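Worksheet: one structure, shown below.
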Amino acid sequence: MSMLTITIDGKTTSVPEGSTILDAAKTLDIDIPTLCYLNLEALSINNKAASCRVCVVEVEGRRNLAPSCATPVTDNMVVKTNSLRVLNARRTVLELLLSDHPKDCLVCAKSGECELQTLAERFGIRESPYDGGEMSHYRKDISASIIRDMDKCIMCRRCETMCNTVQTCGVLSGVNRGFTAVVAPAFEMNLADTVCTNCGQCVAVCPTGALVEHEYIWEVVEALANPDKVVIVQTAPAVRAALGEDLGVAPGTSVTGKMAAALRRLGFDHVFDTDFAADLTIMEEGSEFLDRLGKHLAGDTNVKLPILTSCCPGWVKFFEHQFPDMLDVPSTAKSPQQMFGAIAKTYYADLLGIPREKLVVVSVMPCLAKKYECARPEFSVNGNPDVDIVITTRELAKLVKRMNIDFAGLPDEDFDAPLGASTGAAPIFGVTGGVIEAALRTAYELATGETLKKVDFEDVRGMDGVKKAKVKVGDNELVIGVAHGLGNARELLKPCGAGETFHAIEVMACPGGCIGGGGQPYHHGDVELLKKRTQVLYAEDAGKPLRKSHENPYIIELYEKFLGKPLSERSHQLLHTHYFKRQRL
């Protein structure tokens with residue numbers, strides 16, 4: 001590939017042909033502001049609408065200013081990024097964006113994380129000289145997971161890229177013109193009435209408060225203050241890999257112990273770990289896989305393979321809408337969150353000697369779809385949900401700050417027994433490929449009766465959107481598929497329909513898996529941040545004395561005292577579910 005020379009603000013560098021001015025500026029550590037631009041190249045995600053014009057620069061020999069995010073470098077190009085003309089243009093663009101933008105920064109959920117707010121501060125904009133007819137054109141759209149406030153939409157089109165190109169859901173598109181132009185569902189439908197999967201990737205990339213999570217922080221505070229309730233909490237694997245980012249701890253640092261300590265200081269009666277339920281999920285899902293595989297190898301043509309993982313609620317809703325003819329293919333095992341809730345409201349409530357109605361189960365999740373999942377009616381008993389409240393990693397960070405807890409100064413503490421113990425197979429649920437890797441560790445030993453010497457399955461790891469691997473289990477060679485991002489899942493299922501053989505497929509809706517979930521601290525397009533989170537979970541796995549789910553002594557005890565065995569009648573009643581054919585609107 002030929003290299004091109006470019007000079008930016010007096011600094012010269014060489015970049016590959018096809019690079020943009022913005023790409024070249026990054027190699028020189030020159031910060032050109034952007035709003036609509038988003039590039040997660042390692043995940044094959046990019047939004048280069050070049051519509052906001054905040055990134056304009058002056059190119060020698062050209063009359064007009066050029067958007068640096070979409071202008072390719074030419075050889076010997078000379079660029080100025082901070083000339084008076086450029087600065088005035090950027091200020092004008094920002095002033096126009098603010099002309100009809102709500103001025104409610106003090107109470108906006110995105111305050112402090114809003115990229116428009118940050119740029120207004122950076123360029124010293126204290127008032128807007130333009131009157132854009134500031135008024136409310138749209139009602140708020142509030143679903144269980146997401147709140148849309150389209151008066152704050154700046155038409156960056158990032159959410160549209162994530163929804164249509166990355167997730168292939170097709171819910172969002174540009175509508176209307178002028179001051180009323182926004183990105184929204186067709187016919188002004190509510191998100192809850194569309195094929196939206198609640199994955200929250202639109203929220204993860206929105207630069208303003210137009211798309212935010214539906215917060216339930218106050219509901220948690222009220223529950224903790226209720227003397228008539230026993231309030232317990234579970235924390236998902238990916239939370240510990242990212243929580244510290246919002247609480248003054250360096251990215252890539254595991255904060256498992258500090259998180260447990262903080263939750264106790266918030267007032268939770270018992271602090272548990274969703275990792276326990278991840279081990280339980282492997283026992284059920286792995287046993288279901290071996291059962292199906294055995295019947296398939298024996299010639300039973302009624303058995304459906306590949307088995308599809310069912311841990312991700314965004315993925316579950318996606319296949320309910322998009323693949324209604326495949327509802328008998330996914331595992332019937334509930335997600336770890338819902339397994340935990342079912343066990344907590346039965347087994348653990350019995351241990352405490354209280355009715356399930358007295359127990360409040362709070363989940364801390366990296367995922368917005370978990371808010372939707374816990375409200376699905378099949379996950380409740382007589383109107384009492386297995387999981388009562390779900391908050392995100394971001395919401396927990398806000399709660400810790402609100403309660404004046406010095407998070408960085410907390411000592412490390414352990415989770416409570418019995419629902420806080422886990423093996424190394426559990427934390428890797430938070431990364432793409434982790435669920436299938438954990439399942440393979442257990443499936444191998446249950447199927448062969450032999451000890452698995454090498455527990456790391458490197459072929460299913462990594463940030464590739466689609467991965468395929470062949471794994472030897474006894475005399476059988478299993479073909480495994482892994483996808484993260486719903487568009488990649490759609491692509492992976494195509495060869496299945498065309499007759500290509502897979503025995504098991506793992507799907508996670510979010511880029512990188514749960515570490516890139518819609519409820520995690522905002523990554524602002526930094527793929528390296530996602531990689532650091534991944535490393536935290538693999539390190540936690542490697543540091544555990546037990547690394548296979550079936551070795552968890554508390555899981556063994558749970559089966560001996562309560563469930564009987566995997567796939568037993570009680571296990572099916574509490575730990576398995578069914579799926580629904582949903583309309584495609």
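Placed from the backbone N, Cα and C atoms, the Cβ positions cover glycine too.
The candidate list Cys69, Cys105 contains one residue that Swiss-Prot assigns to the [2Fe-2S] cluster site with Cys36, Cys52, Cys55, namely Cys69. On the backbone, the CA of Cys69 ([2Fe-2S] cluster binding site) and the CA of Cys114 ([4Fe-4S] cluster binding site) stand 20 Å apart. Non-local contacts of Cys55 ([2Fe-2S] cluster binding site) by the CB criterion (under 8 A, 6+ apart in sequence, same chain) comprise Leu22, Ile32, Pro33, Thr34, Leu35, Tyr37, Pro67, Ser68, Cys69. Each of Thr34, Leu35, Tyr37, Lys48, Ala49, Ala50, Ser51, Arg53, Val54, Pro67, Ser68, Ala70, Cys156 belongs to the same chain as Cys36, Cys52, Cys55, Cys69, is absent from that list, and has a C-beta within 8 angstroms of the C-beta centroid marking the [2Fe-2S] cluster site. If one looks beyond the domain '4Fe-4S ferredoxin-type 1' (144-174) by at least 6 residues along the same chain, the residues whose Cβ comes under 8 Å of a Cβ in the stretch are 35-36, 38, 45-47, 49, 51-52, 97, 100-102, 108-109, 116, 136-138, 181-186, 191-192, 194-214, 318, 368-369, 371-372, 375, 485-487, 490, 509, 511. In this structure the C-alpha atoms belonging to Cys108 ([4Fe-4S] cluster binding site) and Cys52 ([2Fe-2S] cluster binding site) are separated by 22 Å. Ranking the binding-site residues His101, Cys105, Cys114 by the distance of their Cα atoms from the Cα of Cys36 ([2Fe-2S] cluster binding site) places Cys114 first.
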